[in-house]
Amino acid sequence: MNLQKTIQTEAEAAFAAAGIAGAPVVLQPAKNADFGDYQINGVMGAAKKAGQNPRELAQKVAAALAGNAVIESAQVAGPGFINLRLAPAFLAQHVQTALNDPRSGAAKKAAPQTVVIDYSSPNLAKEMHVGHLRSSIIGDSISRVLEFAGHTVIRQNHVGDWGTQFGMLVAYMVEQQKDNAAFELSDLEQFYRAAKVRFDEDPAFADTARGYVVKLQGGDEHVLNLWRQFVEISLGHAQAVYDTLGLKLTPADVAGESKYNPELQNTVDDLVQKGLAVEDSGAKVVFLDEFKNKEGEPAAFIVQKQGGGFLYASTDLACLRYRVGSLKADRLIYVVDHRQALHFEQLFATSRKAGYLPENVKAEFVGFGTMMGKDGRPFKTRSGDTVKLVDLLNEAVERAALLVREKNPSLSADEAAKTARNVGIGAVKYADLSKNRTGDYIFDWEAMLSFEGNTAPYLQYAYTRVQSVFRKAGEWDAAADLVLSEAAEKQLAVELLKFEDVLQSVADTSHPHYLAAYLYQLATLFSRFYEACPILKAEGQTRNSRLQLARLTGNILQQGLELLGIEVSEVM
Ligand code: ARG
């Protein structure tokens, strides 16, 4: 059910009937439901162009619209807006179709694409910290929405498993004489810090470390072996975090920087051969005219360092070739901190010129802001350390457990534990996903765990309210004819039918907060409906109709939250 498009088609026909065929309709959901369900704003522009009186023209369009099967009424307002009210029978019919559809009315895409999405992608030298949270959560949700729409989604966890820091870690392992025995790394963070201290304080150690980087990249078996153990342990830590978070990422999605090592030289050579990369004080550089540096000269995208070493950019070029060439991507998505925006713009520009990124392949940088503490500064522990993700998630579940016990002391221990997990993890995810990702956002336990307002607990609770209606409902008829008579019923029905439109906008823009805002609005309208229209006390057709609305609301809340990576409980 593509509601927007259905109305758009009606409006276009009415525009044609009024003599302004092809003029942009500019259709929007109404801001105030007292005036209608949708609003057409395109008449004023069309009137100006045609030299006509906008209100008169709007009258003509409205007359052509009113009374068809989709639109019940069309009213001209202000200088020439048209407020539309949708026909109850049309709404009822589509609500019922959605109710009988396991996808709740959101159809799959007719032309599925192969989408490669790069998210989470932590550097493995350290344990995962809050800096990795946003990419993981946002990327996971986008990947779910795309998959639900029917696209082939290939998740790529581009972990930083290559480069200088690994020479340092290997050197430290050797120094600690841990290089021959199998070792344990219970605390990666501590290990990294100790190695870094040695690296900074002792130039001989630093030299040794750099020597190991060369050996590692040259394929030395002993060093590779140490590196492998390190990567394995580190990835184990990351996977544990993914599992706790309930992400779709698995070990099979790991495609780290090291994977592209064999292709780095080829790629640079190819850029040189194509005349794109040139020698510049010993380094190989692609000059990009469309990006100016501070001096107003073309920006330099460095693809190989002086002395032959490779960089982040070299790896991303080889990686992009792989994603387009071997994975056959139609669309590339990179969910990365917005501080890397320029890197990706230059990566895409270079790749277009080199022919690695053909015109029909879309490349998208999905940036996000920083997670801040309540003090408005980047989120840290009290002592100023970066917060480990494991600790943060444990705290979320513990805090939620207290709330859940308070709210419903009668839950069994199992139910309470499961619900605490859903609420705690859900709250952390939703706090992030409900904000426009491009801004910084403030991490605030009290706000995200509140049962009021635009939060996960509020939505999860709304779902359990629906479920409790059905526990009490007894016999009812899900296939009975649906009638919509009350305003609160109609408004809820209109909102229910927007599910596909919303998912489409998330898929198009990679902005999960559209879905969050929709679910919040849906829960709010349900709550109004629930207060205005008794469900269980009603009788006959009214009762069945209201139960049908409630059923579809529950289904969409559950499905929508799942697409945000959030689970619901049956009781709370
Ligand atoms: N490992 C990088 C970091 O932590 C992010 C990698 C993003 N993906 C990429 N293809 N460059 O900053």
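Using the three backbone atoms N, Cα and C, a Cβ is placed for every residue, glycine included.
Remember, TrEMBL labels are computer predictions, not curated facts.
Taken residue by residue, the domain 'Arginyl tRNA synthetase N-terminal' (1-86) breaks down under DSSP into 35 helix, 19 strand, 32 coil. Taken from TrEMBL, the feature domain 'Arginyl tRNA synthetase N-terminal' applies to 1-86.
The domain 'DALR anticodon binding' annotation in TrEMBL covers 459-572.
Within its own chain, the motif ''HIGH' region' (122-132) is flanked in space by residues 159-161, 165-166, 168-169, 187-189, 192, 230-231, 234-235, 237-238, 241, 256, 337, 371, 379, 386-390, 392, 443, which lie at least six positions past its ends and keep a Cβ under 8 Å from the stretch. The feature motif ''HIGH' region' is assigned by TrEMBL to 122-132.
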Exercise. Per DSSP, what is the residue count of the domain 'DALR anticodon binding' (459-572) in each of helix, strand and coil?
Worked result: 80 helix, 0 strand, 34 coil
